[in-house]
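Report on the structure given below.
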Amino acid sequence: MKLSFTKMHGAGNDFVVLDGYSHTLPPLTDVQVRALADRHFGIGADQLLVVEKPTVDGADFKYRIFNCDGGEVEHCGNGARCFVKFVTDRGLTDKRSVRVQVMKGLITLTMQDNGEVVVDMGAPVFEPAQVPFDASGLDGRTDGNDTLWPLDVGGATRWVSTVSMGNPHAVQVVDDAEAYPVLAEGPLIERHARFPKRVNAGFMQIVSRHEVKLRVYERGAGETLACGTGACAAVAAGIRRGLLDTPVTVHTHGGTLTISWDGAHDERAALTMAGPATTVFEGEIELNV
């Protein structure tokens, strides 16, 4: 089976994008997704993005996301920016703002004149059961307007904020994000028994009230150069704890994102993310698995 694809990245978080809107794509198995995402024998990517026609009213497109392990996930902020650049560059829309159907609802994506994309990420969710996070039997610690939860991570206690941005996140504040053992602790948090759907593990260093450094060990993908929903979750947790003020510049290994959230005044407010989206190359691949 021969597939046409576009390789893109958002702040280094890289994607294989498939057009299932202009023509029908065959269903992809998890084995095929892993083959496409393989960096040695395939194209190589953190996630696979599929553009489809919407199945709900009020949406212009449908957006599906598959991690490099083959599993389908709810949301990807960096992918969303690449998504709107893809449909714009392909002439699939002439709108500056589009409404896109994702697993958890609808999101709004806006292409700016400077080439950056603003994503309306919706309101963060902190209720443990909705993340989902099993807080039963745990004594949480109040910090500002947030609750920190103790996790046993390799025999050490780590205090985390739990946040859903349509997908689950556990965020902890660290002194030095660069030196922190993310590759050792990330997998332990990702698969911690308290998170029934696994979790994205974020490690945030506060630089100032408007600036942070962030590393994220993503569920099903490992550490990536950037994670859009992870940046949103980290900033939301920081504002809720009284450590940050909007807007916040988030420095990742792959680039810089700007996150804005008026959560200090209204936690139901939508959070927005602005950042780059880049097309790397296009091609065809013979898929023989």
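Each residue, glycine too, has its Cβ placed from N, Cα and C.
These figures come from a predicted structure and were not determined experimentally.
Straight from Swiss-Prot, the features:
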- Asn13, Gln47, Asn67, Gly77, Asn78, Asn167, Asn200, Glu218, Arg219, Gly228, Thr229: substrate binding site (BINDING)
- Cys76: active site, proton donor (ACT_SITE)
- Cys227: active site, proton acceptor (ACT_SITE)
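Mapped onto this structure are the features recorded in Swiss-Prot.
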{"residue": "Asn13", "record": "substrate binding site", "Cβ within 10 Å": "30"}
{"residue": "Asn67", "record": "substrate binding site", "Cβ within 10 Å": "22"}
{"residue": "Cys76", "record": "active site, proton donor", "Cβ within 10 Å": "31"}
{"residue": "Asn78", "record": "substrate binding site", "Cβ within 10 Å": "35"}
{"residue": "Asn200", "record": "substrate binding site", "Cβ within 10 Å": "27"}
{"residue": "Arg219", "record": "substrate binding site", "Cβ within 10 Å": "24"}
{"residue": "Cys227", "record": "active site, proton acceptor", "Cβ within 10 Å": "35"}
{"residue": "Thr229", "record": "substrate binding site", "Cβ within 10 Å": "31"}
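Those same-chain residues not listed among Asn13, Gln47, Asn67, Gly77, Asn78, Asn167, Asn200, Glu218, Arg219, Gly228, Thr229 yet with C-beta within 8 angstroms of the centroid of the substrate site C-beta atoms are Asp46, Ile65, Val73, His75, Cys76, Gly79, Val216, Ala221, Thr224, Cys227, Gly230.
In three-state terms derived from DSSP, Asn78 (substrate binding site) belongs to a helical segment. The DSSP secondary structure for Asn67 (substrate binding site) is strand. The binding residues for substrate are recorded as Asn13, Gln47, Asn67, Gly77, Asn78, Asn167, Asn200, Glu218, Arg219, Gly228, Thr229; their greatest pairwise CA distance is 17 Å. Taking Cα separation as the measure, Cys227 (active site, proton acceptor) is nearest to Asn13 of the binding-site residues Asn13, Asn67, Asn200, Arg219.
In the three-state DSSP scheme, Cys227 (active site, proton acceptor) falls into the coil class. With respect to their backbone Cα atoms, Arg219 (substrate binding site) and Cys76 (active site, proton donor) stand 11 Å from each other.
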